[in-house]
């Protein structure tokens, strides 16, 4: 791990690593029918810069036996220069837990069979398997909010679950998932909406229309499929007059195309 000394505080300051690192699976545990928690460890994991419950990692999945990662800080052009038959597949995932003392991190994977490379890997993952990770960043910053509104689909469950474990202000939490097989235990009350075959975001919008929001300054965090995230933000700004500066929203994925492909 690279460290420097902060002259003002005389404490070690972690210098984030700027290139991917290998990590190895040590445990796999099912949280629900469609979510698995995979514990990872590695010699360089102490250099992974973690900054909060919605911290994203770029995760690199092998496509062949000769699994290699970019080795420089110019990792993106290096990745693109790899022969396509050896180039790892990259996806973004939330780091659910980081334990520097044990040199471990947990990533929770939504499982949908072999319909995508990440899910296919996670469904078959076992101790000893390797992937690559690179720290990306966190955005959850409730600041001076008096209350919070946390909204997401299946892919946002890990981030919101982490937020609920350390709430400093009251929160209204809404998950929109396919059905009851996606429900997991979380640390605070939450509303679980089942979309079935309906449009993404429709159940959330209907629930929001019936909500009475508290007085005071809000902080809204919404993430998931792009249609859900953008439609919720639009409704809150246009119909509920919430200042857009108090809303963080992110389209984690798009139903009409995979990431990075």
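For all residues, glycine too, the Cβ spot is worked out from N, Cα and C.
Taken together, the residues in the domain 'FAD-binding FR-type' (18-146) have a mean pLDDT of 96 on the 0 to 100 scale. TrEMBL lists 18-146 with the feature domain 'FAD-binding FR-type'.
In the domain 'FAD-binding FR-type' (18-146), helix, strand and coil residues by DSSP number 18 helix, 53 strand, 58 coil.
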